[in-house]
């Protein structure tokens, strides 16, 4: 039976860093899969984009088709080994916010856990401004807060279609990265002990 833990958070929250560090500390033997990387691979192969940050500018129907293809690939991987799926619950597009997982995609993935990484909007804004490697859209602290609220709402909707448990982990500058990593390790170890 496929076993999937979804980890999500808006750009700049530290999700990918926390995930990579937690996998080094956990007893769990998850395979880290990045949903966006697989979508980007598919989109490049189809000649739709050349750079990852162009993904959010694709029309919603094209994005959904890519999501469905990628979800099937992830389930195939998860049949062989547990998957820690690094993704975004919602994606800000020029037309509005797109769910990272439409109903059909979440039903295919059927995750066991959904972990949301959050931080204060001011911290996220600061991290984005310091990250010169990415071509990120500029958002105000208010827009960042709204995006995080939408992520929580999306996680609840995902849980309704998958019976996943939801865990929120805060990654504040004063709290420390290590504490957020340790919280994720506890979730991953719990997942393995409960469902292995």
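Heads up, the Cβ atoms here are built off N, Cα and C, so glycines get one too.
Taken straight from Swiss-Prot:
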- 9, 10, 11, 12, 13, 14, 15, 16, 17: ATP binding site (BINDING)
Worksheet item: Looking at the binding-site residues 11, 13, 15, which sits with the largest number of other Cβ atoms within 10 Å of its Cβ?
Response: 13
Worksheet item: For the recorded ATP site formed by 9, 10, 11, 12, 13, 14, 15, 16, 17, which further same-chain residues have Cβ atoms within 8 Å of the site's Cβ center?
Response: 18, 117, 119, 124, 127, 171
Worksheet, complete the sentence: One residue among the binding-site residues 9, 17 has the fewest other C-beta atoms within 10 A of its C-beta, namely 17
